[in-house]
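Quick look at what TrEMBL lists:
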DOMAIN    1-198  domain 'Major facilitator superfamily (MFS) profile'
DOMAIN    311-506  domain 'Major facilitator superfamily (MFS) profile'
REGION    244-264  region 'Disordered'
TRANSMEM  16-35  transmembrane segment
TRANSMEM  55-77  transmembrane segment
TRANSMEM  86-105  transmembrane segment
TRANSMEM  111-131  transmembrane segment
TRANSMEM  143-166  transmembrane segment
TRANSMEM  172-193  transmembrane segment
TRANSMEM  306-333  transmembrane segment
TRANSMEM  345-365  transmembrane segment
TRANSMEM  377-396  transmembrane segment
TRANSMEM  402-426  transmembrane segment
TRANSMEM  438-456  transmembrane segment
TRANSMEM  468-490  transmembrane segment
Amino acid sequence: MNRVITKPPPPIDRGWALMIVLGVFICTFFMVGIAKSYGLFLLAFRNEFQTSTSLATMPMSVASFVYAFGAPTALLLAEKFTAQKVVIAGATIGLIGIALSSLLFSMPYVIVLYGLCVGMANSSFFGNGLVMIGKYFRKYRSLATGFGLAGASIGQFAMPPIIQILLDKYSLSGTLLIVSALYFHVAVAGALFRPIEKYGPPPEALGNQAPKEEQKKLLNDIKKETVEPGESVKNGATVQADDVVPLDESREDKSPKLPNQNGFDVDMKAVLSSTGSIHLLPSPEAEKPVELPKKGPRWQMFDFKVLYSIVTLLFTLVSFLVFFGYFNFIIFLPSVLKSKGIEHFNGALLISICGAGDLIARIGTGILADTNIIARYKLKSLACFLCGVTILIFLFTDKMEVLGVLSFLYGFFGGAYVILFSVVLLDLVGLSLMSKNLAVVLLVQGVGASVGQIFLGMSRDATGSHNLILISCSLTMIVGGVLLFAYPLFRKCEEARLQRLERRQM
């Protein structure tokens, strides 16, 4: 007698799903915490090799560049090998790269190992973590995403003091070695990403099994009673050829499917439904299945034709400008603080204060955006503008207390901008075009940040001052905020463009 092994249904919104949230928390804690503490390493590299600021920024610049191209690729690899294996492999690559960097043979040696390995490792974490949340959560997806991404804020709060203490006690080489071991904890997070395909069908799918069994039995009975054209049946009638109707055995199964996504677009839907906010729930449209393209390259990552849209072009430009100022400022903040006489633990403390402001903003902005009192693009525009103004004020003070307040405000307004990033893009372009737009925007944004670090480092070397860095980061954020506030004007231009295209096609 054959034994039937029944797999349990997937633990949607419960059980092991909580371990997925923990895994995402661990990933973002170390990924963002170490990345936003790089300014401390920048100073250490500059002192260790007596090199220029522009060269000392290149490890993170290379990592940002690799991340821009690697993140979509990591999603595709996860489709073939599972997110669990990809994240563990990424953590291993990061461990090897950072550990070997601790040998400190030369600055180019560090650039290649640290930049390439950390870039590849980081690209395997973030997107796959959000995809796993998208698969394991439905009702509480946004809440789970919010808790998972809280690791970024807490990591930014906790890691700078830890790294500064390690630098003071174990030097740069020892610190890199210890950080590589800390980074490898992400492999534990990867182990938690249990493939949902290991479970059986969801409970709602089981309800359709009984009818299927009855259909099979009925089909067998029909086959037993099958007659050929011209053959007589029990009632004496004769079956003609035209009376034989073939059964449609290719009827599509309408039963609910496991969240076993087999295409890039479907996984992107899982990412995009998870807005990163604790309070912003996915729209009803975001809960609908995303159909895979029937023709053409199924896994096409970058479609630059979306830039024909004026709205997409606007958002891409805004994202480039704002991220240029937001991310590059935190990279150079320790160097800026050192020029003001604030070094070591006090400088690390100010970076931690940025993380505290970021965490509070993620929660508060979600609550405010949920009220719909103010349009979300206006909230993001205001956050970018005020963050730029905050960076500019750093020029005019060197008092620890004032710098502490400014650091908190930078983290607060920056956190509001980050949490509204994908939500505003969804509002502007719609769900159907979201994945294509997001891929291009993230690519341009990442490349811009990596090039910006080198450019700003060169300006520091040329002028001997951080003023140009502060002014550049401030102005790019302010201009980006102002451009986004003018979105209705660009929307009208886009509508006029579409109308002209329609008239030409008529």
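Even glycines carry a Cβ here, placed using N, Cα and C.
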**Q.** Interface-richest range of 16-35, 111-131, 377-396, 402-426 toward the transmembrane segment (468-490), CB pairs under 8 Å
**A.** 377-396
Q) Do we see three or more Cβ pairs under 8 Å linking the transmembrane segment (377-396) and the transmembrane segment (438-456), pairs being at least 6 apart in sequence? A) no
Q. List, by number or range, the same-chain residues at least 6 past the transmembrane segment (172-193) whose CB is under 8 A from its CB atoms?
A. 19-20, 22-27, 30-31, 34, 41, 44-45, 48, 82-88, 90-92, 94-99, 101-104, 121, 125, 128-129, 132, 163, 166
(Q) Using a cut-off of under 8 Å between C-beta atoms, tell me which stretch among 55-77, 111-131, 143-166, 345-365, 438-456 contacts the transmembrane segment (16-35) the most. (A) 143-166
Q: Pop the mean pLDDT for the domain 'Major facilitator superfamily (MFS) profile' (1-198) in here, whole number is fine.
A: 91
Q) Which one, 55-77, 345-365, 438-456, has the most C-beta pairs under 8 Å toward the transmembrane segment (143-166)? A) 345-365
